[in-house]
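According to TrEMBL, the protein has these features:
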ACT_SITE  D301  active site, for OMPdecase activity
ACT_SITE  K303  active site, for OMPdecase activity
ACT_SITE  D306  active site, for OMPdecase activity
BINDING   D248, K270, S361, Q420, G440, R441  substrate binding site
DOMAIN    242-456  domain 'Orotidine 5'-phosphate decarboxylase'
Amino acid sequence: MGLDKLEDLALKLFSIDAVKFGDFTTKTGIKTPAYFDLRVIVSYPDIMELTSNMLYDLAVKDSQFDHLCGVPYTALPIATLLSIQAKKPMLMRRKETKSYGTKKSIEGHFKKDDTCLIIEDVITSGSSILETVKDLKNEGLVTTEAAIILDREQGGRENLAKNGIHVKSLFTMRTLIEILKKHKKITDEIVVTVKNYLNETKAPVIEKLMERVILPYEKRIDFATNLVARQLFNIMATKKTNLCLSADLTMTTGILDLLEKVGEHICMVKTHIDIIDDFRDDFVVRLKQLADRFNFLILEDRKYADIGHTVSLQYSKGLYKIGEWADCVTVHSLPGEGILKALNGSMNCITKGVFLLAEMSSEGNLITQQYKQETVSMASKYANIITGFVCQNKDTFQNPGLIQLTPGVQLECSKDDLGQIYKTPEKVVVENGADVIVVGRGITAAKNPEVQAVAYKDALWKCYIKRISGKLE
C-alpha cells in the first residue's frame with residue numbers, strides 16, 4: 001500500500017533530521033525528549049514543496065485573507081511558497097526593527113484593517129506567533145488564523161485561542177510519533193517517553209494579552225511588582241497628571257520656589273543633584289516636605305553606569321546620599337546585570353525603584369535595537385526594583401505593571417543646538433505610548449512656570465484620555 005501524503009512528509013522530515021529524539025531544551029526553557037529543527041528543509045526543495053502544498057490544502061486555499069506573514073525566520077521560505085501558490089501578497093516581520101530609514105517592523109504594502117494569515121513551523125507556547133500578532137496589530141492589521149506544521153501539544157494552541165487566534169496544524173506531536181512508530185523509525189520506548197512527557201509537561205500559560213497603552217493607570221496598579229511603580233500609578237490616577245518636571249536649575253532656592261508653584265500639577269520631579277551649586281542637607285529635607293505636601297515622587301536622574309560595587313557606593317554614600325531621599329533613580333544597563341544586583345542589595349527594595357535606560361531622545365545616540373531588547377530582558381530578573389524604562393517607543397516593553405518614562409517633550413516639535421529632539425504631547429503619549437512625560441525647559445524657562453505647567457498637564461492628560469479611550473484618529 002502506498003503512503004499517504006502526511007506519512008510521506010513525516011518520514012521525509014525524519015530522514016533529514018528535522019525530527020530528533022534525545023535530551024533537548026526548547027525556546028521557552030522546557031526540557032524535551034523530542035526536537036524539531038525545520039530550518040534544514042531549505043536544503044530539500046522536494047520537502048519544501050510537499051510541505052507548502054499540504055499547508056495550502058489544509059489552511060490556505062479555503063481561507064479568506066489579504067496577506068500572509070511567516071514568523072521569522074524558519075517559516076519565511078514556506079510562507080513565500082504559499083504566497084506564490086495562493087497569489088496573495090506576503091508581509092515580512094522584522095525581529096529587529098531597523099534603527100535607520102523607515103524603522104519599520106512590518107515590511108510590505110498593506111492597508112489598515114487588512115487581514116493576515118500567519119505561517120509558523122512549530123508551536124510550543126505560541127509566544128512567537130503572539131509576538132508577530134502584536135507587531136501586525138500595531139500596524140493596524142487583523143489576525144485571527146495561523147497555519148503551522150507541528151503542534152507540540154503543550155498548550156500553545158490554547159494560549160493562541162485565548163488571544164483570538166485559531167490554529168490549523170499538519171501534525172500534532174502524537175500523530176507524528178505514531179507515524180514514525182508505525183514505520184519502525186522509533187522504538188516503543190521512545191513513544192512511551194514522549195507520551196509521558198506530553199502528559200506531564202506544559203508550556204507556560206500565556207494569558208490574554210493586555211495592551212498596556214489602553215489600560216488606565218488605576219488598573220495597571222495590580223500588575224506592578226515594584227512599590228514605587230504602584231505609588232506612581234496611584235498618584236497619576238488621583239491627581240490626573242502624568243507630568244514629570246525636570247528641575248534642572250543650579251540653585252536650591254530656584255528649585256524649591258518652582259516646586260511651590262507647580263507641585264500640585266506634577267506626579268514626579270526629576271533632579272540632577274550634582275549640578276546644584278549650593279547643595280546642603282536641609283535642601284533635601286525641604287524637597288521631601290514638598291513631595292509629601294503635594295503628593296509627588298522624586299526621581300534622581302543619576303544615570304548610574306559603573307561597576308556594581310562603585311554604583312552601590314554612589315547610591316548610598318558620599319555628599320548626596322541619594323538612596324536616603326530619592327524614591328527612584330535612573331540606571332544604564334551598559335555594565336550588565338551587576339549594576340542591578342548591586343542596587344538590589346543597596347536599596348530598601350520595598351520602597352525604592354529604578355528606571356532603566358532603554359532608549360534616549362538625543363540625536364545620534366548609540367543605543368541599538370539589540371541593546372534595547374537585552375536591557376528589557378535584564379530588567380525582568382530584578383522585577384522587585386524595576387519601576388519602568390526610560391524610552392521613546394511603546395513597543396520597547398509590554399508589561400502593564402511597568403512605566404514608560406519619556407523625556408524630550410514640548411508643546412511644539414523642535415530641536416536645540418545640542419541635538420536634543422523635542423516631540424509633541426500627541427506624538428509622545430498617543431503614538432509612542434509614554435506613561436510619564438518629562439518636561440524641563442518648556443516650564444523652567446517660561447515667564448510664568450505655573451501657567452505653563454498647567455498647559456502641559458492639561459495637554460498631556462488629554463492625550464492620555466484619548467489613548468485609553470481607543471479614539472485614535
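Yeah, the Cβs are placed from backbone N, Cα and C, and that goes for glycine too.
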Euclidean distance between Cα atoms of K270 (substrate binding site) and D306 (active site, for OMPdecase activity), Å: 21
Separation of alpha carbons, D248 (substrate binding site) and D301 (active site, for OMPdecase activity) (Å): 10
Distance from K303 (active site, for OMPdecase activity) back to G440 (substrate binding site), taken between C-alpha atoms, in Å: 17
Mean of the pLDDT scores, which run from 0 to 100, over the domain 'Orotidine 5'-phosphate decarboxylase' (242-456): 91
Most crowded position, judged by CB atoms within 10 A, among K270, K303, R441 as recorded positions: K270
Length of the line joining the Cα atoms of D248 (substrate binding site) and K303 (active site, for OMPdecase activity), in Å: 15
K303 (active site, for OMPdecase activity) versus S361 (substrate binding site) - Cα distance in angstrom: 14
Number of Cβ atoms other than its own within 10 Å, given for D306 (active site, for OMPdecase activity): 16
